[in-house]
Amino acid sequence: MVVAKKSLGQHFLTDESFLDRIVDALPPLNPLKLVEIGVGLGDLTLKLLDRYPLKTYEIDSSLCEKMRSKLKVQKKPFKLELVEKDALFLKEEEPYFLISNLPYYIATRLVLNALKDPKCRGLLVMTQKEVALKFCAKDSQNALSVLAHAIGNATLLFDVPPSAFSPPPKVFSSVFEVIKESLKEKALASLAQVPFFEEALQKGFETLEDFLKACFSSPRKTLSNNLKKSVSYKEKLDKVLDFLALENQPTSVRASEIKDYLKLLNYLLKG
């Protein structure tokens, strides 16, 4: 019997109906490779192997061994490449699509890593509902939603109750997807003055991420007050005020009320 490790944030999805819904929600993948973070008890992995070849990253050696044992008994039409490694260091040489029931404690960081990775063309993941709502929020409600929608289209798909897991978590989970869009990627890459597109895209994403940290540092305060405290952007405050005037927005605007962060950041970087 496998005991969930609290240190790794393990809650295993065991409800067959929700496992099927996740697999059915995958978009057409060809020619993308499918990459999974976390093998868990193998329930989702085995269902995926009925339809796709799969590469899975798993840090827990005992779960890796259990998965290898299962595959000796349950023959699948597609092959599993099981990598015993921390997914924080996930690095693929070819374009891929990410799928995962992410550990709550590290979910945000793993999603941001995938969004930042030019090789990742999209993702379908389950996180704590609160995190999913932040990534999928419309307009500029928070920094995570701005980042997700700056590079693609983020959509909340469905909720998953605690009873679907073993052991059950204390909160609801949600499944959401982010599908990257080439036009948005080009706009992000234009923020960086480097010759190679993938490098420019990653640097552009990091530039926007850094800017948003300053803008949303105190969400209830005005954008101007937040940027005054930023070492990187306080000297550009006059240009921010110029931009707000051009956009017919008041100087008392909050970060969540900015209509177009890429437009604002481009304006700041030009001067």
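Using N, Cα and C of the backbone, Cβ positions are placed for all residues, glycine too.
The record from Swiss-Prot ties H11, L13, G38, E58, D86 to S-adenosyl-L-methionine, and of the options N30, N101 it ties N101 to that site too.
For the binding site of S-adenosyl-L-methionine, formed by H11, L13, G38, E58, D86, N101 according to the record, the largest Cα to Cα distance is 20 Å, rounded to a whole number. Proximity of D86 (S-adenosyl-L-methionine binding site) to non-local residues of its own chain (separation of 6 or more, Cβ distance below 8 Å) is seen for Y57, I59, given in sequence order. All protein chains included, N101 (S-adenosyl-L-methionine binding site) registers 25 other Cβ atoms within 10 Å of its own Cβ. All protein chains shown were included, and the count of other CB atoms within 10 Å of the CB of G38 (S-adenosyl-L-methionine binding site) stands at 23.
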